[in-house]
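Report on one structure; see the data block that follows.
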Protein chains: 2
Amino acid sequence: MGVKLGILGLGTVGTGTVQLLLDNLGRHPLLQEIEIYRVGVRSLSKPRTVELPEGVITTDLESIVTDPAIDIVVEVLGGLEPARSLILKAIRSGKHVVTANKAVIARYGDEIFTLAEQAGVCVMLEAAVGGGIPVIQPLKQSLSVNRIHTVIGIVNGTTNYILTKMQTEGSSFEDVLADAQKLGYAEADPTTDVDGLDAADKIAILASIASGCRVDLSDVYCEGIRQVSKTDITYAEKLGFVIKLLAIAKKITPSLSSPLSVRVHPTLVPKEHPLASIYGVNNAILVEGEPIGQVMFFGPGAGAGATASAVSSDILNIVAALKTEKAINEEILKQELENKPTSKIALHNQLLTARHQEDCQIAPITELVTQFYARFLTKDQPGVIGKLGTCFGTHGVSLELVVQTGFQGQLAEIVVVTHDVREGDFRKALTEISTLEAIDSIPSLLRVL
Amino acid sequence: MGVKLGILGLGTVGTGTVQLLLDNLGRHPLLQEIEIYRVGVRSLSKPRTVELPEGVITTDLESIVTDPAIDIVVEVLGGLEPARSLILKAIRSGKHVVTANKAVIARYGDEIFTLAEQAGVCVMLEAAVGGGIPVIQPLKQSLSVNRIHTVIGIVNGTTNYILTKMQTEGSSFEDVLADAQKLGYAEADPTTDVDGLDAADKIAILASIASGCRVDLSDVYCEGIRQVSKTDITYAEKLGFVIKLLAIAKKITPSLSSPLSVRVHPTLVPKEHPLASIYGVNNAILVEGEPIGQVMFFGPGAGAGATASAVSSDILNIVAALKTEKAINEEILKQELENKPTSKIALHNQLLTARHQEDCQIAPITELVTQFYARFLTKDQPGVIGKLGTCFGTHGVSLELVVQTGFQGQLAEIVVVTHDVREGDFRKALTEISTLEAIDSIPSLLRVL
């Protein structure tokens, strides 16, 4: 039938997608009905590894999103602008949209999905989270029969690579980062990854899809991995944990209307937990719900091929729906009706579109109830542990474990693991502890899964 | 709108599904449009943990599959008959079918899907493989843009539990089996599980969905775990492996038209492989394709809640499609047409139905190219390893490793790991070796992943 694509961007993901679609034998037969009609790029002179017929490549991106011939706009530009404006314009022109743009969806999801609903089009985003791992569509279609109360992901390959190397080689954050930059696993400016911002975009999206509410980036509490030291990794190891940067969306009580806690932070993960054995640049997303229990999706979190697979699967889903629409229109024409063929009806499949109309409350981080790991540097004098314990006790923080083995120069090192405690109470205790004369500093503060 | 379900069977899975559907707040809102219209059981007098309105439960299963009021038939009876006949009759009556019945699909899939295609209805089977893990629908919808060349699953919880216990506790197969039977993880007659038959059903289904061909149970080569001994688990451990019962579907060459090797057998899995850390009754399915690379799905492989989640997700998918159909019919009616509303059109979504029309060839097990692990008991005399090596060499089998450390009574124990070798060649070498005077017996023969 010829579904016409307009692709915005021909970088790594765009090129991977074009390659997959042009080389379509042995894949789902519906892919053969796709025509790459226009590809929008910034510069015509840049050398390309894919060959496209003359006239397909253009620098006029605006013309693609408004072209009446185009059915689906695939946005793989990255960045906030012009991506956001082009997506909105495409929707207004009645195009279905496939995007890999986590940053735009995490910030402007509400605007985009509201407009898409009005326009009766789909906005698909499998590639925005977890690279090639099918997780968005399974959440919408398969797992949504559950009451999902928890989504926990290792969704940033760069930080997982760095933490894995720090763990296996005993290297420092700075050394591993420099190494990762050389190997191309980390950007020259690593902020987006190591400060948890990329993971924050992704958990905002996962939380939205899993809960049916619109969770915005501004709802996400975020800490990166710069503060994680060799020392903490060694202590964690001794205590039976590995340290992972987790992106977490979790209902804070079992009630249906419970507020959601949505956060990104380095976390001590028990070694026997399924997420503990996710190493290197891999990603994994764990979903817990009633009655399913725990399921996990694992795979490559980035890369041209993996991301192209996710983008193409979204395209395939829309093509299948468009094909149904076409079958309906043909049936109507066959009945020799005077009315015009209907359109947009077949796509009102509620499992393709994103639900985001539910109400939900975001819990402030102070309301979180969790176990903490904290490392203190103290003067080497008797009674310090007693003072710490008393201070915690005053604020209702009970301790599971206190270890004092190491020294850093003249200072004694004390590691504390609490029982479950309200974060607000724990913070108050810490503020008081930091004023104690015996306390030099509190170099690390980590949460325990 | 009220989609009417006829459920066949109210055992563990049926009860779990009814519970989920009746308690639908906080789940996908489309579930609220479902009516449990009839439930067919064998005996009305059996006590039930779910309450249903009077008249819903019946012992007349035939009347359910032909009732014009019913839209979807959910078959959770298990067993071959009357399940197969009822599924076929339901399809002939124009019902969509959701089934958890791996045994029926693996044996009669061709008959069932051909009939469903003619009747324009969907047959959904997420619950047939991997319990609650969403894998069938992701294979159809997300991963099918890839050239899938490999599917490897740990798809039988009982055998994985037994092998895990043998590994962690050093117990024998018989002891762990007796233990598993007490705990309810193994049946009184454990044949279906321990001889690999359940896994064989499941890999026939996964191979069909992943390849788009119809792979039948009779195409699956199958070995169970009775032959796996404590000794082999210990040797495997020393060599860096764990032993898992794997269900494998794999193209034997990189070519698009390559024959498929489909098999179930205990396998030495390298410890760092993602499948090596799947313990206990959990299931995991690993899919490899181009360009995605490797993805894995992990979760509970059985249990009322997990299986009810899978069954309900299939129902949800059909309800969403029926809702589109209804929207179309309303649109047509609104246009005041004389023609009757169309039907069955919206469901021609090629991503819900199972492709099974592709041609594919099954490779005989002798064509398999793999590494082997073999354990020999030999007379304790010099030159035995030389004789073994020569014999293997004659048949083109090259060895990666030969270990002679243990003794069993008067006999020396020799363990051999080969390089990649054609199974047919390896078997010929073994036949010759078994005639050597120095060889007492060959207690184990395992493949290496």
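Just so you know, glycine gets a Cβ as well, placed from its N, Cα and C.
Copied over from TrEMBL, here are the features:
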- B:Lys202: active site, proton donor (ACT_SITE)
- B:Leu8, B:Gly9, B:Leu10, B:Gly11, B:Thr12, B:Val13, B:Gly14, B:Thr15: NADP(+) binding site (BINDING)
- B:Lys102: NADPH binding site (BINDING)
- B:Glu187: L-homoserine binding site (BINDING)
- B:373-449: domain 'ACT' (DOMAIN)
Of B:Leu8, B:Gly11, B:Gly14, B:Thr15, B:Lys102, B:Glu187, the binding-site residues whose C-beta sits under 8 angstroms from some chain A C-beta are none
With DSSP, how much of the domain 'ACT' (B:373-449) is helix, how much strand and how much coil, in residues?
23 helix, 37 strand, 17 coil
Using a Cβ cut-off under 8 Å and a sequence separation of 6 or more, which residues in the same chain sit near B:Thr12 (NADP(+) binding site)?
B:Ala304, B:Thr307
Beyond the listed site residues B:Leu8, B:Gly9, B:Leu10, B:Gly11, B:Thr12, B:Val13, B:Gly14, B:Thr15, identify every same-chain residue whose Cβ lies within 8 Å of the center of their Cβ atoms for the NADP(+) site.
B:Ile7, B:Gly16, B:Thr17, B:Val18, B:Val76, B:Leu77
In all the protein chains shown, the tally of other Cβ atoms within 10 Å of the Cβ of B:Gly11 (NADP(+) binding site) is 14
I'd like to confirm something. Which of the recorded positions, B:Lys102, B:Glu187, B:Lys202, has a Cα closest to the Cα of B:Leu8 (NADP(+) binding site)?
B:Lys102
Per-region confidence, the domain 'ACT' (B:373-449) (mean pLDDT, whole number):
93
Rounded to a whole angstrom, what is the C-alpha distance between the residue listed as 'L-homoserine binding site' and B:Leu10 (NADP(+) binding site)?
19
To which of the recorded positions B:Lys102, B:Lys202 does the lowest count of other Cβ atoms within 10 Å belong?
B:Lys102
Cβ neighbours of B:Leu10 (NADP(+) binding site) where a neighbour is any other Cβ within 10 Å:
23
Measure the Cβ-based neighbour count of B:Thr15 (NADP(+) binding site), defined as the other Cβ atoms within 10 Å of its Cβ.
19
Per DSSP (three-state), the residue listed as 'active site, proton donor' is helix
Take the C-alpha atoms of B:Lys202 (active site, proton donor) and B:Gly11 (NADP(+) binding site) and report the distance between them in angstrom, rounded.
21
By a three-class reduction of DSSP, B:Leu10 (NADP(+) binding site) is assigned coil
Listed binding-site residues (B:Gly9, B:Gly14), ranked by Cβ neighbours within 10 Å, top entry:
B:Gly14
Starting from the Cβ of B:Leu8 (NADP(+) binding site), draw a 10 Å sphere and report how many other Cβ atoms land inside it.
25
